[in-house]
Protein chains: 2
Amino acid sequence: MSLSTVNGKAVPGRSASVYSEVQTSRLDVLLPLPSVLQGPFSVVDGPKSSAAGNPDEIAKLFPNLFGQPSASLNAGDASSALSKDKSLKIGVVLSGGQAPGGHNVISGIFDYLQQRTTGSIMYGFRGGPAGVMKGKYVELSSEYVYPYRNQGGFDMIASGRDKIETPEQFKQAEETANKLDLDGLVVIGGDDSNTNACLLAENFRGKNMKTRVIGCPKTIDGDLKSKEVPTSFGFDTACRLYSEMIGNLMTDARSTGKYYHFVRLMGRAASHITLECALETRPNITIIGEEVAAKKQTLKNVTDYITDIICKRSEKGYNYGIILIPEGLIDFIPEVQQLIAELNEILAHGAVDEAGEWKKKLQPQSHELFEFLPRAIQEQLLLERDPHGNVQVAKIETEKMLLQMVDTELTKWKQEGKYKREFSGQCHFFGYEGRCGLPTNFDANYCYALGYGAGALLHSGKTGLISSVGNLGAPVEEWTVGGTALTSLMDVERRHGKFKPVIKKAMVELEGAPFKKFASLRDEWALKNHYVNSGPVQFVGPRSNIINNTLLLELGA
Amino acid sequence: MSLSTVNGKAVPGRSASVYSEVQTSRLDVLLPLPSVLQGPFSVVDGPKSSAAGNPDEIAKLFPNLFGQPSASLNAGDASSALSKDKSLKIGVVLSGGQAPGGHNVISGIFDYLQQRTTGSIMYGFRGGPAGVMKGKYVELSSEYVYPYRNQGGFDMIASGRDKIETPEQFKQAEETANKLDLDGLVVIGGDDSNTNACLLAENFRGKNMKTRVIGCPKTIDGDLKSKEVPTSFGFDTACRLYSEMIGNLMTDARSTGKYYHFVRLMGRAASHITLECALETRPNITIIGEEVAAKKQTLKNVTDYITDIICKRSEKGYNYGIILIPEGLIDFIPEVQQLIAELNEILAHGAVDEAGEWKKKLQPQSHELFEFLPRAIQEQLLLERDPHGNVQVAKIETEKMLLQMVDTELTKWKQEGKYKREFSGQCHFFGYEGRCGLPTNFDANYCYALGYGAGALLHSGKTGLISSVGNLGAPVEEWTVGGTALTSLMDVERRHGKFKPVIKKAMVELEGAPFKKFASLRDEWALKNHYVNSGPVQFVGPRSNIINNTLLLELGA
């Protein structure tokens with residue numbers, strides 16, 4: 001049992017005594033570092049940067065940081081290296097949903113401070129950004145950090161969804177930074193959290209505080225990426241876990257010969273996970289939200305697409321198949337958004353009557369869509385409301401909705417003689433079980449480099465950058481390390497009459513290599529069975545260093 | 001692409017070109033054999049056997065087979081060995097739901113014939129017992145079998161749920177056996193399928209046919225086992241897969257600190273899977289159907305048990321947890337069975353009225369239970385019926401039902417001041433994704449030995465035995481090999497006024513070592529967090545040969 005202190009009080013770390021053999025075997029695995037991080041290095045600035053959009057507005061929002069260059073680490077001789085005599089006080093915070101590898105980012109920062117500075121102190125803020133605001137932290141020792149090396153989850157210091165964004169909240173963060181005499185803070189999070197990290201960096205800089213802020217790209221959804229930040233950590237592990245299970249369902253479907261498995265996959269805003277799992281496992285049908293939106297498809301279009309393939313497969317003797325659906329599908333369908341908006345309006349002004357008179361208040365298209373929905377979904381839309389009285393879109397089980405709509409459609413087709421078989425579906429949602437898996441070797445190594453690099457950026461006095469590790473298709477030794485100006489990733493959105501900075505979510509690009517490869521193969525996958533069972537994640541052996549298809553294709557491999 | 005023939009027509013086997021790297025790496029792994037199977041051996045009969053119950057009735061049902069001894073393989077000198085000159089024609093059939101390892105049983109039989117006989121032919125019957133009856137088969141070549149070695153699923157020849165049990169069906173099976181001149185048939189299946197295998201063996205013997213029948217113990221549910229058959233194959237892999245995901249949910253719960261995960265696990269008749277996953281992962285709450293039945297618990301009792309632990313945990317600051325529920329839970333609760341019987345009766349004699357007058361027809365206890373059920377479950381019971389008009393018990397999502405009941409109860413407790421936190425639950429069902437995973441090393445080796453041993457039993461002319469591999473706690477070399485008289489596992493049940501032979505399902509024994517260990521620890525697991533994340537199945541390294549807790553405890557390890 002390792003002991004450490006939270007605000008001066010002794011607390012146990014993870015007890016190693018309940019570790020499984022696989023967990024234990026992962027603890028002592030040596031993490032390779034990119035060669036630039038193995039010896040002396042210098043931090044070199046690139047050219048002045050701009051913004052992803054509306055640079056004038058971004059410049060106004062970040063007067064101190066806008067335009068600052070990105071930085072890259074170059075291997076150098078000992079004379080150019082940062083001083084090892086320096087002693088730093090660094091905080092780290094986990095923000096938002098878990099992603100496999102977070103513990104390794106922390107391990108990377110910790111090891112950097114141990115190996116490259118002298119007498120440094122590292123604090124872990126507990127429970128996310130709220131920990132920064134409330135000054136709730138634990139001082140990290142090697143005994144405290146060790147049991148989390150290469151382990152999944154965010155439980156070392158836990159995470160939270162609070163944001164540091166109001167003047168009062170910035171004030172609280174300042175107080176904590178001053179009280180702890182922080183030289184730096186590493187914010188591990190997604191697009192929102194990194195936007196907040198940049199605002200915090202701007203705020204600290206504006207007040208001439210010494211505390212620097214560096215971000216790290218985290219999200220299993222894979223929607224925080226750019227030219228300089230090739231992927232967010234956790235995406236690789238989550239997709240591998242989901243793909244293993246999808247592959248098993250494929251084997252099951254082929255063995256049984258009688259089920260269509262409707263699989264909903266986590267990832268609300270973007271469909272990267274669904275696309276990656278499709279590239280890995282080759283299902284018969286895959287719905288990509290971004291394509292549905294671009295083609296302005298209706299729910300009926302999606303239903304018809306699925307129904308048609310099921311029908312064609314039955315003619316080939318296949319009465320089974322696998323269908324992948326992104327969690328956020330209905331957010332991509334304009335007519336559904338319209339219906340929900342109208343329902344919220346109607347329900348805010350009174351109850352609905354049993355006889356259905358209220359439906360007359362719906363626009364014709366919305367009325368038609370409502371009648372097209374399965375009864376259970378209709379009831380869900382009318383009955384389950386959030387505390388503001390709004391329809392709870394997130395609670396709709398899209399895979400069940402589609403299954404029922406396809407079933408209804410097939411029954412019609414059967415009556416018309418267009419379909420002759422029995423249809424039987426099974427529903428699955430793969431989500432939470434993928435967020436906290438043991439990180440793959442890729443995520444473990446990537447995160448360690450992100451953390452170690454973040455330490456180097458803080459050591460060299462950088463702020464407002466996001467730790468960036470590149471050349472990921474090459475062996476770890478050849479990976480590049482640096483920091484990208486967070487302002488360069490930003491655009492603005494107008495909310496409540498004000499410009500708010502945002503790092504735009506990276507959506508599935510219909511012209512990008514991953515989607516184009518998928519699109520070129522899906523018709524063949526639909527009618528033939530090219531299922532791939534990728535098997536459980538392996539940690540040892542050559543196949544243990546596989547990189548996900550999305551990243552490989554985006555790298556042009 | 002490997003080619004083989006189905007009824008004389010060329011068909012492709014699994015195309016190796018779409019194998020994942022992990023699948024490919026498994027193909028060429030050498031499977032170790034128990035040392036008794038590595039050299040010459042003799043087949044030695046044990047004492048005369050009896051039956052598990054009602055031996056007189058079993059003797060009447062199996063006049064030719066009853067009392068026959070079990071057999072064991074003993075290492076011997078070459079003079080005692082079976083003749084290698086013999087040429088055999090052997091069929092194999094997969095029966096019922098998939099379990100990881102089935103392909104290795106077939107590989108074991110195939111390799112036995114290749115290595116220990118000369119010029120033998122092996123047939124795979126397609127689509128389960130129907131393939132035997134219809135004479136639908138494929139001749140198995142090494143090219144055909146090879147791509148399935150160590151792979152999950154049953155897709156080499158597929159499976160089916162038909163039974164060979166009527167005189168006409170026996171006649172069809174006889175015709176196929178005679179047409180193919182079969183020396184033997186291996187039936188890979190669960191309790192029902194092995195009962196059928198024994199009936200077929202009896203039938204063939206009664207007609208003086210040369211075709212022998214040997215069974216193999218298959219089911220992920222783990223409910224086909226006895227003193228001589230220590231476990232059924234597939235149980236190990238399925239539990240490892242479910243445990244991995246449960247462990248991830250535990251890490252997620254601990255990291256997030258706000259969800260109770262209600263996890264329903266496959267296994268309708270017995271709760272072995274749930275118990276094994278509990279022993280492996282140490283959840284806060286585990287419901288074991290057999291205990292609920294033994295203690296005659298009501299649904300309210302189960303709900304109160306869960307609610308109480310959630311409440312106690314909240315007092316310790318834990319607002320999250322993991323709850324395991326066996327798929328077949330409600331089949332273990334007498335009052336639910338009673339309610340369903342009454343509902344079937346009422347619904348058969350007319351519709352239910354909106355006002356609920358029909359409820360007066362329910363017995364008071366059933367009425368009370370019905371009112372206690374969540375509204376969605378009430379509607380499901382009344383609306384979703386099978387083709388015979390009966391309530392579809394199997395479709396009830398027990399984890400959702402319990403979550404809603406616990407939620408309702410906690411709301412009450414909150415009003416009474418007994419509970420002070422917010423409750424938030426997530427539901428999961430882990431089932432199909434576990435039936436077809438890549439077999440663990442244990443299942444791969446166990447199945448190969450079961451198949452190789454089945455080949456030896458047929459070679460020595462045995463019939464009506466189930467392939468039995470024992471001493472499983474020791475290294476593979478020390479495993480024992482033999483066959484157990486299927487009649488010795490049987491009892492009778494009275495159905496439609498007739499005695500039917502059955503192999504009783506092995507239920508969780510409340511006095512058995514696995515349950516006793518669980519029961520001795522669950523109170524501690526309930527209030528403290530001793531979660532174990534067992535991680536993904538590994539195929540290489542010392543931790544790749546872990547054996548499941550249930551088997552180890554039953555072996556007295």
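Backbone N, Cα and C define each Cβ position, glycine as well.
Where the annotation comes from TrEMBL, it is an automatic prediction and has not been curated.
Noted in TrEMBL for the protein shown:
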- B:89-352: domain 'Phosphofructokinase' (DOMAIN)
- B:Gly97: diphosphate binding site (BINDING)
- B:Asp191: Mg(2+) binding site (BINDING)
- B:Asp192: site 'Important for catalytic activity and substrate specificity' (SITE)
- B:Lys218: site 'Important for catalytic activity' (SITE)
- B:Thr219, B:Ile220, B:Asp221, B:Lys258, B:Tyr259, B:Met266, B:Gly267, B:Arg268, B:Glu327, B:Tyr432, B:Glu433, B:Gly434, B:Arg435: substrate binding site (BINDING)
- B:Asp221: active site, proton acceptor (ACT_SITE)
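B:Lys218 (site 'Important for catalytic activity') has its Cα within 10 Å of the Cα of none of the binding-site residues B:Gly267, B:Glu327, B:Glu433. According to its DSSP assignment, B:Asp192 (site 'Important for catalytic activity and substrate specificity') is helical. Comparing B:Arg435 (substrate binding site) with B:Asp192 (site 'Important for catalytic activity and substrate specificity'), their Cα atoms are 18 Å apart once rounded. The CA atom of B:Glu433 (substrate binding site) is located 23 Å away from the CA atom of B:Asp192 (site 'Important for catalytic activity and substrate specificity'). Reported as a whole number, the C-alpha separation between B:Gly267 (substrate binding site) and B:Gly97 (diphosphate binding site) equals 11 Å. When the Cα atoms are compared, B:Asp192 (site 'Important for catalytic activity and substrate specificity') and B:Asp221 (substrate binding site) turn out to be 13 Å apart. Here the recorded positions are B:Lys218, B:Gly267, B:Arg435, and the ones sitting under 8 angstroms from chain A, going by CB atoms, are B:Arg435.
Around B:Glu433 (substrate binding site), taking its Cβ as the centre, 27 other Cβ atoms fall within 10 Å, counting all chains. With every protein chain in view, the residue among the recorded positions B:Asp192, B:Asp221, B:Glu327 whose Cβ has the most Cβ partners within 10 Å turns out to be B:Asp221.
Cβ packing within 10 Å was compared across the recorded positions B:Lys218, B:Arg435, and the lowest neighbour count falls to B:Arg435. For the binding-site residues B:Gly97, B:Gly267, the greatest number of Cβ atoms within 10 Å around a candidate Cβ is found at B:Gly267. Checking Cα-Cα distances from the residue listed as 'diphosphate binding site' against the binding-site residues (B:Thr219, B:Tyr259, B:Glu327) with a 10 Å cut-off leaves B:Thr219, in sequence order.
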